[in-house]
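Visitor: Here it is, the structure, as structure tokens.
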């Protein structure tokens, strides 16, 4: 893969929690406020970090996941959304070499960096370390000879003298690897978190000042000459989806994936409106999913189950992504007009696809950790009960046993499941049509519930794993319009 003169790198860490996200966000923000056109990306299936990326960079961030989309799909997403940028920052996931296997690179940041032919900036948490940081750095840098490193950033130095000691140890052990600098420990830039990860951009009104603080932190401690000067001439930048979660929509050696991330196979003549739930409660959407719906002919129409009194006019279908309905259950339950409109839309037999938090919203009720129950849309005759730990976490492959709004029986897609709630019971009134497998084989329990043309599941599907599913959904919405 060629990158011409555009500086591009992968920000990787030695482990989760080492400062990788802070460095990636600081780089994006520093470059963007200097007028650079930054293309941000996130390795893996995470939804929350891309929302922060979008605010830092001013452009939609896209997920790069070779298990879900296949190697060719990842390359396609990267090339499409890096076009027109003059700087590219890819944030890795977990530790650099962590993936599906204890002995292979599958699913790791290292695999992604090699797939895209990008160099790695390695972030090391050097708290309470001295010469040992050199041993750790050398181990990572020499572990895979096929991996290229453009530099190392040491984080969490306790004092200027500690920073000097770390730098001396590193340069003595790895004189051929650029040390970008040593970042001082500071609590001022710590990002608040909660279950499922960082607090989302939609729920962080002070996020932009914190991103500026991250940029200041990097600019005073790291050598950022890798990104200077800006390459010329620039190609016109593509227009991203405006605002909203992940910058997608308003308002306020991997195995190949089943279908690869190609363009949708057909485009309907009509342009059906698909209402996409988008607000503080629902913000988990893969940007590529929305692009594929549009490529198949859909017109994306955002609406807010929290704030709107009803659905937009003229919709052919609805798409409810995940998010944090449990944090906004009072407001969702109080908006009876919206709940009634959604229920009537579903019961009328129009196409509706809902996943995770969106699936919960379509249930009869949601029970909080403290035991409070909130009545919701009542499309699915079931109750979601919040727990204090993950109820499910991991990659999933699903194959439909019956036709649905995503296509005929036998349709296969890949995605990711992560949630704290569980179903209190699974009644007979909503048949489950997914045959689902995970990393360890068959995943127990029913999934993919259907009522009329409404399909609900805890699995976040990536339409890039099978673009025909996006086209099928748009076609169903066009027929219902």
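Every residue number used here counts from 1 along the chain in the order it is shown.
Each residue, glycine too, has its Cβ placed from N, Cα and C.
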Visitor: Choose the correct range: of 201-228, 229-256, 257-284, which one does TrEMBL annotate as region 'Disordered'? Give that range.
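Guide: Residues 229-256 are the ones TrEMBL records as region 'Disordered'.
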Visitor: Report the same-chain neighbours of residue 356 (active site, nucleophile): residues 6+ apart in sequence with Cβ closer than 8 Å to its Cβ, ordered by sequence.
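Guide: In sequence order, the residues whose Cβ lies under 8 Å from that of residue 356 (active site, nucleophile) (at least 6 apart) are 284, 321, 322, 323, 417, 418, 419, 457, 458, 459, 460.
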Visitor: Do you know the mean pLDDT across the domain 'CobB/CobQ-like glutamine amidotransferase' (274-466)?
Guide: 95
